[in-house]
Amino acid sequence: MATRHNWTKEEILEIYNKPLMELLYEAATVHRKNHDPNTVQVSTLLSIKTGGCPEDCGYCPQAARYHTNVEGNDLMSVNQVKAQALRAKESGSSRVCMGAAWRNVKDGEEFDSVLEMVRTINKLDMEVCCTLGMITENQAQRLAEAGLYAYNHNLDSSEEYYKEVISTRGYQDRLDTIGNVRKTNVTVCSGGIIGMGESVDDRAGMLVALSTLSPQPESVPINALVPVEGTPMEEQEPVSIWEMVRMVATARIVMPETQVRLSAGRTQMSREGQAMCFFAGANSIFAGDKLLTTPNPDVNEDMELFKSLGLNPQKAFEKKEQPKSVSAEESKYQNLGEKPKWSRPGHTIERNVEAQQKSKAKA
Ligand code: SF4
């Protein structure tokens, strides 16, 4: 069956709410038709610049305005990144995803450094992904030229619920950045978080937004919120494994060719729960003991789980060929010194304001 780009919320809700055994069977069938069910892609997430972010994302301990235990760091050096990438490769990762706590990319020295990191990791024959906030078309082209394989930019939730989570940027900014990445050869990684207090309708709304993109994202991370003390969402109840399995299975059915990525929240899941997610169509994970700033299962634990389930890590560039890295000197796209105007809706989100006030009181 050809991939559909016209899923409606009603159709997606109908899938999400099916009796679980039927949902699992359907998702596993779609999965087998489109992927090897015994192969799982493994990425290592590396925080190359931690904390001090000006945004107000209600789930994020890296937002400067909340008082959390996250220690901020300046941008890592290219050599530090290379050393970490080599470690990740030795432990079975085929992809390194570099995250920087920025609102958007700014042309200049730091971005030039990130471009060098991309070239360096690509030369290690690993897939390189970046998550750096909003980017312009020229910045996306420069990343592509450096050899970037994927760009991550999550939609987080439905357009309606996004307004309850973040007030410092709009949903359209997210879609525009994804559109800028799509103008290049770089693949798109975009997903969201469940457990932020959103309704099942919102979850379906997010899947509509993702599945109606054409082409659909090559990678869709499904995160379960890890509530962090000091953030506005510190008291959210963890989502149940059934909700996670339903979300993974529904994503698999509506986006058959996508790699559905089990992301944050894996430490709260049993091995059996994770196995059920793989059966439901999840076929990529983040490895390493930290996911940017929140805990993640140990690499050895993951490899043991893979062994007991008979799963194999996917080799690099199995889905798409390795991009070439153009050197900085030969680059066709130059630093334009752009100052794009990304939106700032600035509406009030009560729980974000409260968390900020508590943080000020602690300071
Ligand atoms: S999620 Fe990203 S943009 Fe939002 S506060 Fe955290 S680091 Fe900043």
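Quick reminder: no glycine exception, Cβ is built from N, Cα and C everywhere.
Copied from TrEMBL, the annotated features are:
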type     : residues                      : note
DOMAIN   : 38-266                        : domain 'Radical SAM core'
BINDING  : Cys53, Cys57, Cys60           : [4Fe-4S] cluster binding site
BINDING  : Cys97, Cys129, Cys189, Arg261 : [2Fe-2S] cluster binding site
COMPBIAS : 316-332                       : compositional bias 'Basic and acidic residues'
REGION   : 316-363                       : region 'Disordered'
COMPBIAS : 354-363                       : compositional bias 'Polar residues'
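For Cys60 ([4Fe-4S] cluster binding site), the same-chain residues lying six or more positions away in sequence with a CB closer than 8 A to its CB are Cys53, Tyr66, Thr231.
Less than 6 Å separates the Cβ from ligand 1 in the case of Cys57, Cys60, drawn from the binding-site residues Cys57, Cys60, Cys97, Cys129 in sequence order. Ranking the binding-site residues Cys57, Cys97 by the number of CB atoms within 10 A of their own CB puts Cys97 at the top. With a cut-off of 8 Å between Cβ atoms, the residues of this chain six or more beyond the compositional bias 'Basic and acidic residues' (316-332) that come close are 39, 94-95, 112, 115-116, 118-119, 122-123, 125-127, 142, 144-149, 185-187, 218, 259. Taking Cβ pairs closer than 8 Å, the compositional bias 'Polar residues' (354-363) reaches residues 56, 58, 65-67, 230-232, 234 in its own chain, all 6 or more past its ends. Surrounding the centroid of the Cβ atoms of Cys97, Cys129, Cys189, Arg261, where the record places [2Fe-2S] cluster, the chain contributes additional residues within 8 Å, namely Ser43, Leu45, Arg95, Thr131, Ala150, Asn152, Ser219, Pro221, Ser284, Phe286. In this structure, the C-alpha atom of Cys57 ([4Fe-4S] cluster binding site) lies 21 angstrom from that of Cys129 ([2Fe-2S] cluster binding site).
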